[in-house]
Each structure stands twice: as structure tokens, then as C-alpha cells.
Amino acid sequence: FDSHTSDLEDVSRKIFSAHFGHLAVIFIWLSGAYFHGARFSNYTAWLSDPISIKPSAQVVWPFRSIFGQEILNGDVGGGFHGIQITSGLFHLWRACGITHSSELYATAIGALVMAGLMLFAGWFHYHKAAPKLEWFQNVESMLNHHLSVLLGCGSLGWAGHLIHISLPVNALLDAGVSPADIPLAKDYVLDAGYMAKFSQLCRGLNPFFTLNWGVYSDFLTFKGGLNPQTGSLWLTDIAHHQLAIAVLFIIAGHMYRTNWGIGHDMKALLDGHKGPVGEVGTGHAGLYEILTTSWHAQLAINLALLGSLSIIVAHHMYAMPPYPYLAIDYPTQLSLFTHHVWIGGFLIVGAGAHAAIFMIRDYDPAKNVDNLLDRVIRHRDAIISHLNWVCIWLGFHSFGLYIHNDTMRALGRPQDMFSDSAIQLQPIFAQGIQSIQAAVAGSAQAPWVGAATSPVWGGDTIAVGGKVAMSAIPLGTADFMVHHIHAFTIHVTVLILLKGVLYARNSRLVPDKAELGFAFPCDGPGRGGTCQVSAWDHVFLGLFWMYNSLSIVIFHFSWKMQSDVWGTVYPDGSVLNITVGNFAESALTINGRLRDFLWAQAASVINSYGSALSAYGLMFLAAHFVWAFSLMFLFSGRGYWQELIESIVWAHNKLKVAPAIQPRALSITQGRAVGVAHYLLGGIATTWAFFLARIISVG
């Protein structure tokens, strides 16, 4: 750690080089996933029957049956025994048009080549040709390249892949052609004879340049909704979307002024922006300098946006499943939702952390007088006290509804409960949004669209292979109540993180916080009430509330989908949901949530011993242990451990086996860091085991 430097150019070069290393790790990881798909998976069998065969790409090898661990290889259908996977890669590969393991091998090797290139680039751009600081601060060129090249050309390339490879292959697969009879992509992508089978591909680019775009409407569609055969978005709709996105981003990448004297100048934009209403001082003046000299500030904004985007992706993945047969693979749907929600939560907490680090290390009050940031900091008391009031209001009222319901149900007075069958609290605004979205197709808002974006808004159930792919999601009193719990927990998380940022440099209690740094345990001895007040401690506390918030979110999602959406569709069209619609009545009380969700659904993981799911039973216990271990760090005082260590050192000295280095107890901050890490690891792994054992056993 002696190599730490505050030289901005050197820091920028190190970060830039590390990015290439990070990309190399990602390519190696992806290569491993594709190699497993090619070598150890049942992908080709799944491709021939994605309804009754489950995805598997891991087979536990028997170790002379000493342990008997091959019990974990469950029957996933088609005579294949292995561990059921829930990554969604099989569905993605089918959407890509991959039909042979050789294509997966080629991609895996290609990813390793790319990893090697990235490692070389990381070395080259640090040791041989490191960019100058001016290059890192040239934001207009950066925006143009990221928008036009990365997002624009990236989307254009994916649109091209969808049109030339995915659409023909998926058309054949949907028509029942065996994957073995479909040629490799490399054999037909340039074969005019093959393309002639799909007449729309043979019209060339002439209609494009003559603006006669309508002739492409058979593979660039506006159908809307889901494909009833695969339960996913229409691939032709996706191709249309990606092409449109590509055009928009390529245009967007020409907006900023570089070598030619046209386009926006980012500094002029920010300096000139005063806001829509009233007098807000100097507006955004000074923000350009902040964002080009503080990578913490830049990172904080990017993390907040990317984290929010990840949570939005989580919702789109189930409402508008993008890949064929993804919607009927319930374990994968639950895993993808949970994964994207948690990733989003961690990134948003990271945004709070780096914003606070910026405030302490990079913020210069003298350069920010009466601008937007200065004005926010100066009325931070009003912001935080209002946010605190909102949290108190939401907490007491939302939790109070549950307390009321538990009390009434306990006393045998169901007619006095808040429920759909007694005192109704209908989410009328959410229901209004649903009805607007359900009716949007063909209306003035979307005249050319054939159907609403998804059946979730209201509409017919889409059944694939006797399973519900997607159906309307009814909202009622139970949803209204838990949504206010979501509002409460999210607002508390925001309160903690924002307070950490706005009071990072000073507060009435500790005026010299900026001198003490990002992480300090307490403001010295003899100064009560100043522990857990540093910016780092706000991140520490924010992590717990983030975990708390998102646990309720994923529990809500898991139970709601099992209750009201996922299930079996019978030949007469009737639907039997997994938990037979019990969410609306049971989720109204705390007791109901414990009894009918946590306890009832934990039966799968608790009773998993002796089955292929038994590893989840072991994981469930081990993760509980890790979680409980964290409490030892979170509840302890440092003095206890130091005193214990000193008595142990005394015993070693008596036996003349004392080490030369005197051991020390963890610092308060270290103890908290170890505590929160194990708390989150234990909690997440417990939930992982609970969810997967449940949904694999019933899904």
C-alpha cells in the first residue's frame, strides 16, 4: 500500500490498465461457461425438447463413491443426469442461433483469445503507451465513442446477428427441424442460396437507402407481446428494437464537439445550465471540473445509474422474457430476478460510498460557491429531516397495517382486517397504469403495435407446454401493503446513504470530519456519541438496509409469481397456480408471511437430505452458520477481544512459545467490515439455497 499516489494522471493510468485486466477476467469466465456448455452440458438435447428437458452443464464426478456425492446428479430429462443450472445461458444460446457444440467451443476459444488481447492491452497501455491526463479528460471524444461505437455499433452488430443468423435458425427450430439438420452459421451466413429461403434477406440495402423500409416488415416487426410458441418476445421485434437503438445511439454519438467546431461543448452546457425554476445560484457551474478531476464523483453517478438499470432489467426479464422458453423455466426466472436485484442494490450502495469519498478527498468548497452542489449541502438539514420524517411516516403506517391485521386475525375478527374481502386498500393508481398499458396497442399512443408489451398488464394467459409462461398479474390489498414496505425500506436506505454523503465533511457533532477521513471509528477518547459517524459507517449501515429492502422485494416476487402466475395449464384452459393464489389472503399478516411463505416453502430445503437437492440443504445450514458468525463481530466490543488476546499471549509467554509479533484485536472498523461481509454472504447464500431448493422441487 506504500504505492498509493494522489497524482491524477498516474491514478487514471492505473485504473485504465486495471479495466483491461477486469475485461480479461470476464472473458475467461465467459469462456469457462461456454466450454462447460460445449463439453459437459445437455444443450443439444435441451434444444430438441426445451419443454420437458431441464438445462444442466455440471456433472458431479463420483470419487470412487467414497462420499456418494453423485446423488447430486438429478434426472433433468432425456436420460441426462446432472445439476440443474439456472443461468439462462441455454435460452440465450438458442436466441443467438447456436445449434452445435462446435459453435460453443469456437466461442470459448475466441473468448480466451480476447482475454489474452485484453491482458496485453492492459500491459501495453500502462508500461509502453500510457495515455496522458488530457486524454482521460477529453469527455466529448469519450461520449462520442461510447455512444456511437460501443452502444451504437454494438447494437447494430447484434441486430445484424439477429437478422442473419438468429431469425433463420429460430424459424427452423420453431418449425420442428432437428438441430442436427441445421447447418453451422459459418456455412450459410454468406450463402445466397440459403438466404433465398428467407426472401426478406435477399432484398439488399437498396430499400434502406431509398427509404422504402416497409419491405423489411417481415423481419423487422412491431407485433408486441410474447410469441405463444416460445413464451418470449418476438425475435423479429427484438431485431427491430436493436436496429432502432443502434440508429439512435449512432446519431447521439455525433452530438459533442471534438476536432470540428460543431456540436455541444460539455463545459459550456454545464456552466450555462441554471435549472428550470427560480434562482438557484450559479447552477451547474463547477460540475465539469468536478467530473473531470474526481473519478470518485464520476463513478458515484455511474454506479447509481447502472444499479438502477440492473433493477429495471430484473423486472423486464420476467414481464418481457427476451429468450425462447425462458418464461417456463421458473428456477431460472427466479434466479435472474434475484441476481439483478441484488447486483443493483450493491451498485447503488457503492454510489453512496464513492460520493462520500469524493466529498472527503476531492471536494473543494472554495471552488463550489453557490452552485447546485453547494446549495444542496447548505440545506442538507432540511433534506435529511424531511427524509427522516418520510421514513417514520412510511414505517409506522405500513408496518401498522400489518400489526392491525395480525391483531384482528388473532382475535378472530377477519371482517375488520385490511383485505380484498373486508376493508379494501386497492392500489388504484397501479391498476390504472395496468389498464392503460393493456389497451395501448393500436391506440393513438402506439398505432402500429399489434399487442401490449406483455400480458402482465392484463390479457390472456400464454401457455407453453402446459405451463404458464406469462399471465396478467392482479394487484390487490396485499400488494398495496407490501409496496409501502418497499417504499419504507428503500427510503431508509436512501436516508442513510445520503446522510453519509451530505455530512461526510462535517456535522454539528464532528466539525472536523474531513480531517478524520473516510473511515474513522470514533472521534477520540472522552468524546461520547461519535462512534459509527464516519462516511464509511454510513455505507456499513446502508448495506444492511439495502439487504433488508431487497429481501422483501425478492420474497414478494417469489411468492407473488408462485401464487398468481406460475403454474400448470390444463387442456380445458384452466390454470392451477403453484400455491393456488394464497398470496392475496396470506401476505396480509406478518404471521401469514412467516407461516405460508418462509416456513411452508423452506420445507423443500429442510427435507432435501437424501435427494439430488441435498447440497442445498447443506448450503442452507452452512450459510446460516456464516450469517450467525457475523453477529459475533457485529455485537462485540473491541476491548473484549484485546483483553482475551492478551491473556492468550500471557499463556504463550509462560510456555515460551510467544511470537515475536504481538497480536492485536481487529480494529472497530475492521470488525464491522468482517461482520457485514459475513452477514451479506451468509444471508445471500441462505436465500439462494432456500429459493432454488423450493423452485426446483415444484417448478
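Residue numbers in this text run from 1 along the chain shown.
Cβ from N, Cα, C; glycine included.
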| According to Swiss-Prot, which listed range is transmembrane segment: 43-67, 143-167, 193-217, 418-442? | 143-167
| said: Using a 10 Å radius around its CB, how many other CB atoms surround Met632 (chlorophyll a binding site)? | reply: 13
| His624 (chlorophyll a' binding site) and Cys531 ([4Fe-4S] cluster binding site), distance between Cα atoms, whole Å | 29
| query | For His624 (chlorophyll a' binding site), what residues in its own chain, 6 or more apart in sequence, show a Cβ-Cβ distance under 8 Å? | reply | Gly682, Thr686
| said: With Cβ-Cβ distances below 8 Å as the criterion, list the same-chain residues six or more beyond the ends of the transmembrane segment (15-38) that contact it, or say none. | reply: 57-58, 87, 89-90, 93, 101-102, 104-105, 107-109, 111-112, 114-116, 118-119, 121-123, 125-126, 130-131, 136, 295
| message | What does the structure give for the C-alpha distance between Met632 (chlorophyll a binding site) and Cys522 ([4Fe-4S] cluster binding site)? Integer Å is fine. | response | 20
| Which one of these stretches, 104-127, 295-318, 480-498, 613-635, has the most C-beta pairs shorter than 8 Å to the transmembrane segment (382-404)? | 480-498
| query | Of all the binding-site residues given, Cys522, Cys531, which has the fewest Cβ neighbours within 10 Å once its own Cβ is left out? | reply | Cys531
| note | Cβ atoms other than its own within 10 Å of the Cβ of Trp641 (phylloquinone binding site), all chains, total 16
| note | Other same-chain positions with a Cβ less than 8 Å from the transmembrane segment (538-559) and lying at least 6 residues past its termini are 318, 334, 337-338, 341-342, 345-346, 348-349, 352-353, 356, 482, 485-486, 489-490, 492-493, 496-497, 499-501, 532, 579, 583, 587, 593, 597-598, 601, 672-673, 676, 679-680, 683-684, 687, 691, 694-695
